[in-house]
Amino acid sequence: MNLHAIRAIYRFEMARTGRTLMQSIASPVLSTSLYFIVFGAAIGSRMGEVDGVHYGAFIIPGLIMLTLLTESISNASFGIYLPKWSGTIYELLSAPVSWIEVVIGYVGAAATKSVILGLLILVTARFFVAYEIAHPFWMVGFLALTAVTFSLFGFIIGIWADGFEKLQVIPLMIVTPLTFLGGSFYSINMLPPLWQKIALFNPVVYLVSGFRWSFYGVSDVNAALSFGMTCAFLAVCLFAVWWIFRTGYKLRN
Amino acid sequence: MEPVIRITGLSKTYKSGFAALRNIDLEIRRGEIFALLGPNGAGKTTLISVICGIVNPTTGTVLADGHDIVRDYRASRSAIGLVPQELSTDAFETVWATVNFSRGLFGKPRDHALVEKILRDLSLWDKKDSKIMTLSGGMKRRVMIAKALSHEPSILFLDEPTAGVDVELRRDMWNLVRGLRERGTTIILTTHYIEEAEEMADRIGVISKGELILVEDKTQLMRKLGKKQLTLQLQAPLAAIPAELAGYPLELSADGQELVYTFDTQGEHTGIAGLLRRLTDHGIDFKDLHSSESSLEEIFVSLVRTNA
């Protein structure tokens, strides 16, 4: 294991985050605050409770997930796309590193940033609504697991993309709709029966549901199933990255 | 002595069907400076990229420092430093950060004294806290060399190191290369410029259209490259070279208008004066004459032609 390489990549990526602090941290926190003002304070006060939870508090896990997914993907995809675009990837490809070290470095840094962001939003939410966390250990667990999984997914997108447009297309066209339809702002039990069934094909439902369970002990789907599905997606992403480095797909051709 | 790089039956065909390398066999000796010459698109960069692990080979094997570049990539890549042709650098990092990053990436523990020495040798020390984007092109190239040297490689690849580089950097670069060689580093460089190879290299390989068409000691190759030609434009076309002039290496153009005399610049006597006297004796009159040294490009073309 080339630990020096992992450290070098990780520090490099964290330094990049540090340089873009405003857009990396401040802007997601700001936009989430706006959601809390609109949905939590303004509209939320006129809404009834969902699953016995005040609406303003109910949306907190969903909003954190929303930011976590988008930021993990964009962060990790940019992290690996930029060296491809600028040409500096030559150094990574010629270095004595395996895919595992590359992934730990890049994905680890992206996930670290996402977790920090998630916790910041959690703190910010406190200024707008009161909430409690039933299972803090699982809350952090889901947060970290989701951050890692979707950073890995973003890493794959970054390798696959060969233009800035492609880099945006999956987050914009697939991930954003899935998150909005994944029960960030509502319980899927509020949907008509047919749509409830369809919603179960949306992986984000499991993420949001499990995360919400860690807060309020209530969920749309079983928390264990949520955990299992997230791990399954993580496994799929890991396999994809392994395959990419094994075949050199888009990297060594 | 065991070669430091051994390439056997190496081919690379890109997905598009383009064969960038065809069945290359090459051995690089430890401690030598090897110059790889070839026209644009000949496959020089692809060859380097395969050895360094940037491009997967289609067939064939490469041993670098005794290690297979695919099976034992950690060991082989640790031994290699690469300065690519393109100026690819980070923009926002400082010089100091990027060189230390490279050392870490290649699995070496931090060594600030060594990095300082490398930066000083490359006249980069006073720029160490500058962001790379603020540097000139020549300075960026120095940064790339510093990055390649940061993990103390025993094999150094320089891909077109002096393309678009000013005189000062060029001179510094050659001093650096000489210094590295004295410490036992093997250096493989690619270039368009014959003078560069002439100045530095121990051996020269010529690659064209993906084939390695020649590998020779520099001195021997220079003798070949040292050929000059004298072209005489005749007043009246000749049907054939007169028998009396058969002793000279003369060629007659197809239309009989031009007589081409090939001679060796390294020789004591070029034989030009004698030839011209003999021509006059035989009443062969010419209206113009010029002499030319065959350019490297021409030599490639002729080498490829004989090879094909």
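Placed from the backbone N, Cα and C atoms, the Cβ positions cover glycine too.
Annotation source TrEMBL lists domain 'ABC transmembrane type-2' at A:19-248. The transmembrane segment annotation in TrEMBL covers A:21-43, A:55-82, A:140-161, A:167-186, A:224-245.
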Interface present between the transmembrane segment (A:224-245) and the transmembrane segment (A:167-186) (three or more C-beta pairs under 8 A): no
Within-chain partners of the transmembrane segment (A:224-245) [C-beta distance under 8 Å, separation at least 6 from its ends]: 98-99, 102-103, 142, 145-146, 148-149, 152-153, 155-156, 159, 203, 206-207, 209-211, 213, 251
Other parts of the chain folded back onto the transmembrane segment (A:140-161), taken as Cβ under 8 Å at six or more residues beyond its ends: 64-65, 68-69, 72-81, 84, 103, 106-108, 110-112, 114-115, 118-119, 167, 170-171, 207, 210-211, 214, 226-227, 230-231, 233-234, 237-238, 240-241, 244, 249-251
